[in-house]
Amino acid sequence: MKLGKVEFCHFLQILALFLCLSGMNQAELTRSRSKPYFQSGRTRTKRSWVWNQFFVLEEYMGTDPLYVGKLHSDVDKGDGSIKYILSGEGASSIFIIDENTGDIHATKRLDREEQAYYTLRAQALDRLTNKPVEPESEFVIKIQDINDNEPKFLDGPYTAGVPEMSPVGTSVVQVTATDADDPTYGNSARVVYSILQGQPYFSVEPKTGVIKTALPNMDREAKDQYLLVIQAKDMVGQNGGLSGTTSVTVTLTDVNDNPPRFPRRSYQYNVPESLPVASVVARIKAADADVGPNAEMEYKIVDGDGLGVFKISVDKDTQEGIITIQKELDFEAKTSYTLRIEAANMHVDPRFLSLGPFSDMTTVKIIVEDVDEPPVFTSRLYSMVVSEAAKVGTIIGTVAAHDPDASNSPVRYSIDRNTDLERYFNIDANSGVITTAKSLDRETNAVHNITVLAMESQNPAQIGRGYVVITILDINDNAPEFAMEYETTVCENAQPGQVIQKISAIDKDDPPNGHQFYFSLTAEAANNHNFTLQDNKDNTATVLTKRNGFRRQEQSVFYLPIFIVDSGSPSLSSTNTLTIRVCDCDADGIAQTCNAEAYILPAGLSTGALIAILACVLTLLVLVLLIVTMRRRKKEPLIFDEERDIRENIVRYDDEGGGEEDTEAFDMAALRNLNIMRDTKTRRDVTPEIQFLSRPTFKSIPDNVIFREFIWERLKEADVDPCAPPYDSLQTYAFEGNGSVAESLSSLDSTSSNSDQNYDYLSDWGPRFKRLADMYGTGPDCLYS
């Protein structure tokens, strides 16, 4: 008969309990004479009880208290005079004792993993005197272990990595399981390991838990991750043992075991010849199944006719080879290039060199496409010179450009006027000859930088640019002159031969050998008795006095004409006048005052008198200004009296306005429609009195009332409208009424229709319609035209 797991556990528990009880000799006390016991008032006696530790099985599942053992003293005669007492760990709560018999029982289920033993104390007392008859003794109750805990992987689940292509037996990771059962008792805590999932790729050491590779040449590119299930079982793996499992995820790490390979043996790309330098022509990539540093590659051009025209570099992110232009392409010069490109791994593993060379070759052909290019000048920069004396139309130089395309379209030239705003130069549209268009002046602009445009005749949108530097050559066309405005003074007490001024000259020209100026007095000043001039031969001259005794009263200012000549060819000269003032100087020769009137003032009015006169003049000016200001501030009356009332006057301005199309000046709808009424507005200026002139009484017809109401309403609106023109201006209304009872008054219509309409009522309308009444009336004095 086969036992189940539960029945087998119960069988083991009963067997262990039986062995324990039989070994304890029913927990009876054994007599020992090894230790004496002294009791006061009595003779010396020996201890009459001592015992070993008790054992009790854990996880007892019965309903009755579990018997642990028995305490007994030799003094106990069985007559009930001895009482047993138990104290210590778990006394009364877990362990109880029969005070009459000394039997000990466990009242609760015990777990060795929670507490392995309990220390208690026992004492036998005289029931009558309650005095100890035996000394108190300490004993231990030890919990007997059973296999009630399965192994556990405290660090699981695990992750580990191992390089691909590793040999068999390569260690991957070690797993460890722990069992809470007593390792010193039986096999409850002895664990063995086995692999439940992950074979045949991996294996595990049964005793150590070390996981190792079990197959060679595991390829990451084929499968890079494996899930293993490891079991740990106690009881040395025997039947009835408890087990626990954990998972281990093993990842194959990459090694460089795959050489790079180009997907194609050749590539072809088309690029326009106008593609700028450094532009990307193409991207190529060699495939490599490895990852990370093992897939890093370098590219290089090893052969071909485009070694100097193209270059290749690697994109660190994508590991692509990037082909770029190093020089400008020209379809007319070369239409295609062929490149041999090699791709190689940067990090090669010597263990896998047998798998083949870790590099690959491919061919790249680049086709250059023709595009319509702008004209190209024979030189990027032209340098020309011209004399500033050149006449208009003088040829300065020639530029040349051509169409680089196969069509070789004719080229026309022009000057970019943004670089020649003053239009100093012209260029022949066909030949490219540059000529002067204006007189040139080197002193105004010594260098001209102009841009010449070359356009294809067949496609003017294609424009090439050439740059021309025109340097203006100098001629001697500017006479020398004083370098500055000199303020020269001479002291009244100056001595003959005294230097009073050193002068120099400037010239706007720029001769190749520098300036050389010559100074002298003009012919009319050469024989003067006051001053002389000395040329220092270094482009400066010195003015000296020829006499002493200068007096301001006699002459306060002297004018000395100086003649300056340059060294140009031909030489130019100019006469410059030096103004010399006579001044009163101190002992050091420093001028104090140079005003000749200073001597005249004391003979006339004193300084105080002059100040008083000036104050009076200012006072009068202030009074005059006040009077003028007061008069200007006087206000004119805003309302005219009856004699000056001119509101009925008509002022004619020869302004015909905008006609019927002008609707900005006024609202035509309001003028023509009687029924449109605007909101009444209050004027903020003075509202004039409205005087109504007596009107002649006309024959009452419907339109008279309409016209009166219309004029009256418009008049009131004009009086109170703050935006209306002044009240004395003429306002014109184009309202024509609701219809004419006389219908058309056209003489053309009347005569053509031979109408017998009676127009006698026109005589009743007053003097203003007398002319019409005479023309269309039927009386004896009527006049027809």
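Yeah, the Cβs are placed from backbone N, Cα and C, and that goes for glycine too.
What TrEMBL says about a protein is an automatic prediction, not a curated fact.
As annotated by TrEMBL, signal peptide applies to 1-27. Sequence annotations record features per position, and here TrEMBL assigns domain 'Cadherin' to 73-153, 154-262, 263-377, 378-482, 482-599. Annotation source TrEMBL lists transmembrane segment at 599-628.
Summarised as a single figure, the pLDDT of the domain 'Cadherin' (73-153) averages 84.
For the domain 'Cadherin' (154-262), residue counts in helix, strand and coil come to 3 helix, 45 strand, 61 coil, using DSSP. Mapped onto DSSP classes, the domain 'Cadherin' (263-377) shows 10 helix, 54 strand, 51 coil.
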